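Shown next, in structure tokens, is the structure this report addresses.
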Amino acid sequence: MKGKLLLSGGLLLAALAGQEARAQAANNNVIIYIGDGFGLAPKTAARMAMGQGTTGKRFPSDAGFQVLSLDKLKYNATVTTHSLNSWITDSAPGASVYACGKPGKQDNEVISLNPSSGAAIETILENAKKQGYAVGLVSTARITHATPAAFASHIWFRDLEDYISAQYIASTQAQYEAIFNSSPTASYRYTAARDWVLPTPKVGVELDVILGGGARHFMPRTRTAASSYETIVDRNGTAIIDPATGAAATLRGNRADDVDLVSYAVNQRNYGYVNSRDALNNINLSQYGVGGKKLLGLFNSSHVNYEQDRQTSAAWEPSLAEMTHMAIEVLKAKSNGKGFFLMVEAGRIDHLEHANTGGITVVAGATAGTNQYTVEADRPAYVGGGEANYTATPSTARTTNVYASDYMIKEVLAFDYAVAEGRALLGTPSTTGNTLIFSTSDHECGGFAVTGLHDEADAQQNGTKIRTYSGQITKSVAAEAGYATPTNLLRGDGGTGGWFPDYVMNTFQGKDYPQPASATGKRIVVAYGSNPLTNGNGTRASTGVGSNQGGTPGNHTPQDIWVGAEDNTNNPLHAAAITGQGLLDNTSITPVMARFLGLTSFFNTITLRTTPAKADELQGLQLSPVPFLNQFNVGFTLPTAGAVTVELFDEMGRRVQSVVTNQNFSTGTHSVAVDGSRLSAGLYIAAVTMNGQVVSKRTIKL
């Protein structure tokens with residue numbers, strides 16, 4: 001690549017050498033923010049709800065023009081998002097490229113690992129830790145979800161989250177084995193054939209901060225007695241009461257091996273543990289200095305609540321901004337003046353888009369094929385959250401003055417307030433350290449679009465009560481309707497503040513969030529290009545029975561995404577390096593971060609895409625039907641003849657069935673039947689192996 005992003009020859013080496021020398025003495029901080037599924041339109045919706053385009057926020061010269069912290073990032077670029085084997089990526093390779101650079105552009109579902117060779121790929125977080133930087137992960141999703149996992153774990157299939165959490169906590173092979181050997185069930189204790197080893201890049205790497213959801217992958221599924229780590233408590237250890245139930249709020253584990261990883265982290269790995277907003281915001285930072293405790297915070301059994309739902313029903317959970325703030329404070333305390341690397345994910349933007357929240361809702365019918373698809377774009381949201389999966393209507397209640405678009409607007413603003421925490425470090429380097437910030441996304445999701453405003457008067461007279469533009473300019477004197485003379489003009493909506501969103505600010509826990517001014521006000525209406533009727537699923541998007549009941553499967557899209565960057569060094573090789581290049585690939589970001597931190601050898605590794613050891617020999621893996629009752633078929637195509645192994649694994653990665661072993665297949669397409677009649681209901685992974693190459697897909701037994 002030519003240009004200032006990747007300089008060549010002696011100039012680059014000299015620049016890197018100089019920066020590495022400065023990095024040894026300077027306090028260098030890198031924060032990469034990743035909005036999962038975050039395209040441009042959600043940012044537009046949040047900005048417009050905050051009043052952009054109105055008086056005082058209309059022109060670049062207006063003090064309030066840049067409403068969002070995201071808008072204030074000085075340097076911008078557009079990047080592609082495709083993975084190695086798909087024009088549309090999923091979050092695993094979509095995040096692995098930010099963690100690993102070019103070597104991280106791998107197959108869908110694969111986390112920082114080369115599926116052709118089975119080799120783990122070192123991440124920038126791991127390399128930075130080995131060079132003395134403090135490191136951390138923050139997410140509103142499960143902290144073991146694909147995006148955070150890509151920075152501190154290595155796995156062939158992203159859903160093996162119990163293994164991801166074990167890799168987080170372990171920094172030696174002995175620790176890794178000890179985690180599994182603490183299982184009360186002998187069959188779950190460590191075995192290399194099933195549990196692999198602690199990947200080499202993770203050896204010696206301790207995570208200083210782990211904050212997010214996902215307690216179910218750190219806590220046992222079955223317990224002889226309630227764990228003290230399950231009850232959500234405040235700073236004093238007092239149980240927090242859930243107003244909806246009147247009982248103590250709790251977390252629940254789901255580790256099939258019944259390992260209590262929280263207990264191991266606290267008692268064996270020197271982690272301080274918190275599970276509430278109050279406890280997090282009041283930790284004793286003096287305990288988290290150099291050589292002190294590391295921080296583990298788990299705030300939900302699965303994903304942290306959507307910001308809208310957090311505000312209405314789970315205020316004991318911290319906001320993304322609060323998690324980010326405390327992560328920064330702990331990392332500064334632990335860095336000993338060296339600096340830190342932090343990844344912050346707004347993981348639930350993607351989930352809203354997968355659910356088509358604010359677009360199409362499906363109410364599951366009583367029998368197959370009887371689902372009801374309804375447009376939700378301009379209706380109050382159902383009680384119970386943003387997932388848009390419901391089982392009855394109208395018995396499922398709707399909220400008052402909370403609309404489906406409010407979920408996305410608040411989720412983006414929660415992300416933006418987290419970005420503001422990072423931008424607070426962009427002061428004078430001698431005071432705050434040298435700081436580089438990126439904000440990006442792994443992919444777009446749902447084809448999210450902002451389509452108009454609610455119009456109570458139904459001026460377009462089409463029954464939707466949705467309008468796009470302001471009213472037409474007219475003359476007050478009808479006889480002058482055809483005159484060119486500019487007299488007696490009536491501006492369309494000009495006398496009523498214009499045709500802009502009508503929101504008022506509501507303060508929650510010290511942050512401003514917009515809410516519709518009234519039930520008849522001009523609220524934002526959204527839609528999705530990817531929905532059950534347009535994304536290839538048709539009316540069979542949900543059958544009305546089984547695990548997909550009520551689902552609206554919005555898909556990822558191949559749209560380019562926006563990247564913003566800023567630093568306080570004014571060095572053209574840092575944040576400014578993403579500009580002036582034209583279109584970039586998502587692999588272009590990590591070299592800039594590595595250069596900033598002075599990780600010279602890592603920089604040299606990630607800028608060169610290594611050729612896979614062999615051409616793909618397995619193609620077109622398909623499972624059908626999905627889900628299945630008693631049997632399903634594994635289909636695959638072989639460009640060349642060879643020996644193939646087909647195996648079935650459970651969610652823990654345990655082999656539950658060997659279907660065929662080293663059986664010779666000819667060139668062409670094949671189908672192998674799998675008898676699942678004796679399997680328990682749940683998630684399974686079918687894996688096909690040929691000459692060391694493994695491809696896999698998941699399925700569900702009903």
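Positions of Cβ are set from backbone N, Cα and C atoms, glycine also.
As annotated by TrEMBL, active site, phosphoserine intermediate applies to S91. The Zn(2+) binding site annotation in TrEMBL covers D36, D350, H354. Among the features that TrEMBL reports, Mg(2+) binding site is placed at D36, H145, T147, E345. Look at TrEMBL and you will find 1-25 tagged as signal peptide.
For the Zn(2+) site, the Cβ centre of D36, D350, H354 serves as reference, and the other residues of the chain with Cβ at most 8 Å from it are G37, S91, G347, R348, I349, H351, L352, E353, C445, H556. The binding-site residues in question are H145, H354, and the one with the fewest Cβ neighbours inside 10 Å is H354. Mapped onto three states, the DSSP output places S91 (active site, phosphoserine intermediate) in helix. Across the structure, D350 (Zn(2+) binding site) and the residue listed as 'active site, phosphoserine intermediate' place their CA atoms 10 angstrom apart. All chains included, 29 other C-beta atoms sit within 10 angstroms of the C-beta of S91 (active site, phosphoserine intermediate). The recorded positions close to E345 (Mg(2+) binding site), defined as a CA atom within 10 A of its CA, are D36 out of D36, S91, H354. Shown in sequence order, S91, A141, T147, E345, A346, G347, R348, I349, D350, H351, S441, D442, C445 are the residues of the chain, 6+ apart in sequence, with a C-beta less than 8 angstroms from the C-beta of D36 (Zn(2+) binding site). Each residue contributes its Cα atom, and for H145 (Mg(2+) binding site) and H354 (Zn(2+) binding site) those atoms are 15 Å apart. In terms of local Cβ density within 10 Å, E345 ranks first among the binding-site residues E345, D350.
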